[in-house]
């Protein structure tokens, strides 16, 4: 049993003057908050993603690019949540001077794993949201091209950044271990600058993902109800941007803090908030499939609100199957594009 006065136990950081480390009962600074947050995000996001896939694959019987992208993003998201849960197992949320050197080494190993899975998670979530925008802007090829170009630019940043993270130290084990089998002394990139660059780009891209759909509010004629839904979606995305900005501010304020078992957990909590909100936003249009099928349709009785049904009239070809009804009905059903006064210029446009 570890005693707070055991001279054989060495903490991973020298305590402040007058503080006696308690290795057996360390102070709970962020431990409970972190544990509850990870479990809550996992229990909300995972069912929502699975419901999205069910809505597309089983109800609509069609999977779009953003659906596959969202599903793939969910996999590293699970890894990111796992690393945060392991933080709590190895001293995360407690002051570093109340964490043993052995536990600190494992904490840093988990931190390295979290560093590797965050980038792919954030990138894939943003791509999923942007792919939704490409279908919304389908009548505007130049806009779609610009969105695709933006995704390519993101990839050109995240790929080399991922390589830098993988090779952050030489040997790599020097990131979490003070001893090295290499005959030469280990060397590492400036970790603070890597985190800072990664977070700054994350903030900028989050803002871009938030702003891109805004022109729809003016370019397309939306009913008030669907206009409010767009505002709601953007508002939810704004929470992800706020989490990303808070993460940057915290990194700038605590970047030089030696108490890494606290600062790393704080930054990771905001990263979990950002990615969780992003995944939820990516699922909202598809989830309307289930809402329309099992809630609205049930209340309407005689109304045919089931998505994917054949439509006739209203300028559409008879018998055409509208497989993209979830996205259209959720925000953009039967919209009109502002332009010329002709029937062709102001007729109903499909976003796919």
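Glycine is no exception: its Cβ is also placed from the backbone N, Cα and C atoms.
Because TrEMBL annotations are produced automatically, they should be read as predictions rather than curated entries.
Quick caveat, the model's predicted, so the values are computed rather than measured.
The transmembrane segment annotation in TrEMBL covers 31-55 (among others).
Residues or ranges marked as domain 'Rhodopsin' in TrEMBL: 51-293.
TrEMBL lists 67-87 (among others) with the feature transmembrane segment. Same-chain residues lying 6+ beyond the ends of the transmembrane segment (67-87) with a Cβ under 8 Å from its Cβ atoms: 34-35, 37-38, 41-42, 45-46, 49, 52-53, 56, 93, 107, 110-111, 113-114, 117-118, 120-121, 124-125, 127-128, 131, 261, 264-265, 268-269, 271-272, 275-276, 279, 282-283, 286.
Per TrEMBL, transmembrane segment is recorded for 107-132 (among others).
TrEMBL lists 144-174 (among others) with the feature transmembrane segment. Sequence-distant contacts of the transmembrane segment (144-174) (same chain, six or more residues past either end, CB-CB distance under 8 Å): 112, 115-116, 119-120, 123, 126-127, 130, 133-134, 137-138, 180-182, 186-189, 191, 194, 197-198, 201, 205, 208, 212.
Annotation source TrEMBL lists transmembrane segment at 194-218 (among others).
If you look up TrEMBL, you'll see 230-249 (among others) marked as transmembrane segment.
Distant neighbours of the transmembrane segment (269-291): 30, 33-34, 37-38, 41, 44-45, 48-49, 51-52, 54-56, 59-60, 66-67, 70, 73-74, 77, 80-81, 84, 118, 121-122, 125-126, 128-129, 132, 202, 206, 233, 236-237, 239-240, 243-244, 246-247, 250, 307, 325-327, 329-331; these residues of the same chain sit at least 6 beyond its ends, with a Cβ under 8 Å from one of its Cβ atoms. Among the features that TrEMBL reports, transmembrane segment is placed at 269-291 (among others).
Summarised as a single figure, the pLDDT of the domain 'Rhodopsin' (51-293) averages 87.
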